[in-house]
């Protein structure tokens, strides 16, 4: 066994020197102090890099199918009243949603931007007199109300019990509601008076909508849909010019994730010529963000270009703010990672060993140089 220990002892790459033969110098102490400080600084720098997450980016083909696109928006129209403002959406598959009301909130604002009223979509208003039944008589006692749709019924048993339901029936037919005072439901709810009361006001509309993940568009300002051509509604209450100045407080295609940049947030556009279309052409890029804990966020980035289409002579303009979006076939994936512990230890060892070696070389150079210089000086004195 002693022979084995002797063989292992002969493999020692770090032979020990008796402390009696040590020679400590001032230069060696300075170099040790400087190298120790450098070691600590580089160690903590490496530790910070180890604890800091790094985001890796990859581009892959988007093979998802049948998903929905979630759009969040917050837009202010300083010169369009809330009653005359609506949101429509349609896509290339033929699906369309007119005057969307679900998950939409409107704030009436004055010319200074102060909030007058916050309300969910819907007209409401005072109810006066007994409503007219579909058959033409007034609503009687213990009688179920079924209002007329004024020729826009989709079936014989359809009822329109509010001004909104009449307008919706007209919208399906592609008819314009030019005189609400002739509609019993609108007259009882004070629809015409409501529009007059909101004259000169603006509207902040915000909320979200869910659409098919295909190319399409959504747009703001009241309109009807007829044979794929939009005709402005409520012409009796609109002036010859339609001011579509607007400020986009927020527009996002999906959930927030760290580092996302939405290029339209805070964009403000002021209309100079009347009755125009302001168009945003958006390219949506599907994005998946995976944090360090493995939690995935399905979202989207987008780029955008803008175009204003003014009214041409002899043509009816389509006043509104339109967002045309298309989807990229490429998906971007962001993944948070950090260096492995073994990589961290390798770098720490490299720092310690490298500084120790370089410090030893510098100390040896200074020590032997000083020793040689002193020896020459002694020879000079003897000579």
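Using the three backbone atoms N, Cα and C, a Cβ is placed for every residue, glycine included.
So that you can see what the record holds, here are the features copied from TrEMBL:
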type	residues	note
DOMAIN	8-97	domain 'Endoplasmic reticulum vesicle transporter N-terminal'
TRANSMEM	21-44	transmembrane segment
DOMAIN	149-363	domain 'Endoplasmic reticulum vesicle transporter C-terminal'
TRANSMEM	341-367	transmembrane segment
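Residues 348, 351-352, 355-356, 358-359, 362-363, 366-367, 370 of the same chain lie 6 or more positions beyond the ends of the transmembrane segment (21-44) yet place their CB under 8 Å from a CB of it.
Taking the domain 'Endoplasmic reticulum vesicle transporter C-terminal' (149-363) as a whole, pLDDT averages 81 in the prediction.
In the domain 'Endoplasmic reticulum vesicle transporter N-terminal' (8-97), the DSSP tally of helix, strand and coil residues is 32 helix, 25 strand, 33 coil.
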